[in-house]
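Colleague: Have a look at this one.
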Amino acid sequence: MDYLCFRTFCCKGPPPPRPEYDVVCIGLTGSGKTSLLSRLCSEATDNIVPTTGFSIKAVPFQNAILNVKELGGADSIKKYWSRYYQGSQGVVFVLDSASSEEDLEVARTELHSALQHPQLCTLPFLILANHQDKPAARSVQEIKKYFELEPLARGKSWILEGSTVDNMDVVKETFGQLIHLLEEKDQDAGRI
């Protein structure tokens, strides 16, 4: 008994385990999914190639770990995205805010599809308007309007933020907001 009392007051035990959340990351090829995730994991981004199939990264944050399943964005892979949605607790959608009108329209269609998919429609969404450092980049407000996010995502938990691999502080902060939404959803599920 004295040992337990001593241990409680004098010794720090192992820190409590951080919650883990399974998140799916989607977006067109070239949107910057792999670069952003690699930077979040402090990995080199010198030789990044488009993801074929999928990759999984455990992205550590101070208050949680995100197990991110990144799905390749090529046309030949997009048609299989829905097969990887099961078990996801959140969604990260990365778009190239400096892309052509045609690619932006494809990204819009894919985001609308994801927001309405039965396995994703109730999950928190983080939408990153990436490549904000490029001259042709559209602002977050332009993206919000073009993608018709207000009416489409009404009643859903979502975040839209600009991003660039050169400003990872903003990206980390935005992922922190996603973790907060995931925690809230977790708590709501526990109340049922």
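Note: Cβ is positioned from N, Cα and C throughout, glycine not excepted.
Nobody curates TrEMBL annotations by hand; they come from automatic prediction.
What TrEMBL records for this protein is below:
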BINDING   Gly27, Leu28, Thr29, Gly30, Ser31, Gly32, Lys33, Thr34, Gly73, Asn130, His131, Gln132, Asp133  GTP binding site
BINDING   Thr34, Thr51  Mg(2+) binding site
Colleague: Of all the binding-site residues given, Lys33, His131, which has the fewest Cβ neighbours within 10 Å once its own Cβ is left out?
Modeller: His131
Colleague: For the GTP site as recorded (Gly27, Leu28, Thr29, Gly30, Ser31, Gly32, Lys33, Thr34, Gly73, Asn130, His131, Gln132, Asp133), determine the largest distance between any two Cα atoms, in Å, rounded to the nearest integer.
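Modeller: The GTP-binding residues span at most 21 Å between Cα atoms.
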